[in-house]
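*Asks:* Sharing a structure with you now.
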């Protein structure tokens, strides 16, 4: 039973392994290949990208916002498309009234500036003449009760006005310097922005060539992994079939052991039976002689004692088992002659070694196909090879370069003039801001000296020169204000007119898209300024659409009008290349015929066991004889009984003969019966072993032979199915490397090499340079300077008024004065009454 159970377990494992192998062979599991490598490609795009320009947030942002809101109030009219069209195409057709109507807000500001320019210097001239004739200014004539309140109010108003002037002039200084600092770099950034677009089209073929050359990275990776594909295939076959092969080989080995043991027991059984039969032939006459003599002796009348009991024992002295009655096994031994012919242990070990060597065997068998695959991988797909040659950018590149060169050459003189005039503006701005600052200082010094003089006026020992000096400082500030009022208002209006129109006409319309709409409308731009033609845009794409598409990362060939249509996906189509690799992979084959599983000698042994009829032997017949004693009567007990009877006899001759018989029985038992009993025990062991294994042995042998035959027949199909699955996994893995390359090329070309995004970036940077870097500080400067200019008027008024109170007051008697001025009261003499 133990052998049977030990054999059934591998057979059950074999059945389960066969089912699992079929499932594993039908399913594609690519985990055994491990994770794919991540390829690292070298960027091929040149560094022509400009960093996006953004004005850093600062304290002046709120000032810039205030100026923009002020300009939006000044200019309420929409973008003057017709007026700009006339200015660009036919300057003589421009009507003045249309310009005035559009610039109505600026005209109002010009009127205000004109009035300021006329009235303030005129007032200053009149004030100067009046002062020369001592008609204006001067000092307070008389002291009255409200004098202190008036003086304090004027001083407070003058101080507040001066502080407002100080704030304005500080902001004017800061914005003037900021404008000057940003004007130079901004002007230099314009050519830099144009140069960044120079190679936008012309550099594309060289960069595409560099991209195509990096196809070698996936090629090298695939070629490297092809070196191990044979081992991978063999390992996969080994892994998926070992659940079937190992149990089957274990079952074959176990069955071989059972076969060897069974044949040994059968041979032992046959030899033992022969010996037992021969022993019985020798034992039977001897027992019969002893029985006859004992019957004769025990039946004599001279026999004394329990002769009757001994006589009954002697009558049963005969053979118990008759081994001539057991069935013959000669025909079975004849069938198993020479079995086992094979060494099952070494055969199973050899088959296991052959099965475990499948990876190396597969590598050897696939080496020639792998070399052909490497040759196929080394070839470059036609689309990738012509990636750069197919880009039709020569004519577009020359047209693009010519347009950029014309723009750069035409703009360079203007930029130089702008930079030169900016220097003049900065110098004039610094001078005028310094004048305003000097006015502020005069006001502050005048106020300080005046207050000091007022505090010392009650002390007769202190002269009133301090108050007089304070008044003179205030009048000096007034004189400077009148003197520089005209240059200030002229600078303010000139910078206001330029900067305001740049902001409202260009920057504002640029931000809301009206400038793009104007450029896209046919006929608005002269032929020499046709941007669509200069940029080489497609006919069905407007400038605004091109800008939006470029901002979203569109490719050049979707925006520019190239010679031929360029289809990147067509060049990246490597299906023909991969199909060839797939065909080459399908030619991979692994021969598993070297795995016999069962040698011919072992098969003959199992077939002989199967047809031997070992299970048809009637083993109960053997057990019947084995269970019987060799001699029915216990010869030792009978001999002991005879020994006692011999001693009880009076007749010495009878007693002597009984002793001789007792000793004879003992000798016969030791010489014949005991060996027979040993042979019976040996026979019992073999019969029991064969009885337990023989009934199922034929079925087990049939199952093993059937499983070996089935697995041997299905092994090539299973191996081919596993090979196909492994090939598909390997192909998918290798195609993943080419997919990485295609994805990288698509991203590199569309987002970095052949993208028109630098064009939108250049436009955005140009807007930031013009509007945020130049126009905002420029407009903030004139706004702050205008602040100072208009606050000079209240400064003049309050300074003139306040200076009067800082000069000494002329004291004189008055008839209407109070009694404090009447030092003496002399009573008049009246008439006396007696």
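The backbone N, Cα and C atoms fix where each Cβ goes, glycine too.
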*Asks:* Which is it, of 385-405, 406-426, 427-447, that Swiss-Prot names as transmembrane segment?
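*Replies:* Matching range for transmembrane segment: 427-447.
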*Asks:* Looking at Swiss-Prot, is residue 801 on the same side of the membrane as residue 151?
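*Replies:* Yes, same side.
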*Asks:* Of the residues 270, 352, 540, which is given the N-linked glycosylation site tag by Swiss-Prot?
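*Replies:* Among 270, 352, 540, the one Swiss-Prot marks as N-linked glycosylation site is 270.
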*Asks:* For residue 270 (N-linked glycosylation site), what residues in its own chain, 6 or more apart in sequence, show a Cβ-Cβ distance under 8 Å?
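*Replies:* Expected: 329, 330, 333.
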*Asks:* State the non-local partners of the transmembrane segment (107-127) in its own chain: residues 6+ outside its ends, Cβ under 8 Å from one of its Cβ atoms.
*Replies:* 74, 100, 136-137, 478-479, 481-483, 485-486, 489-490, 492-493, 496-497, 789-790, 792-793, 800
*Asks:* State the count of C-beta atoms found within 10 angstroms of the C-beta of residue 727 (phosphoserine), not counting that atom itself.
*Replies:* 20
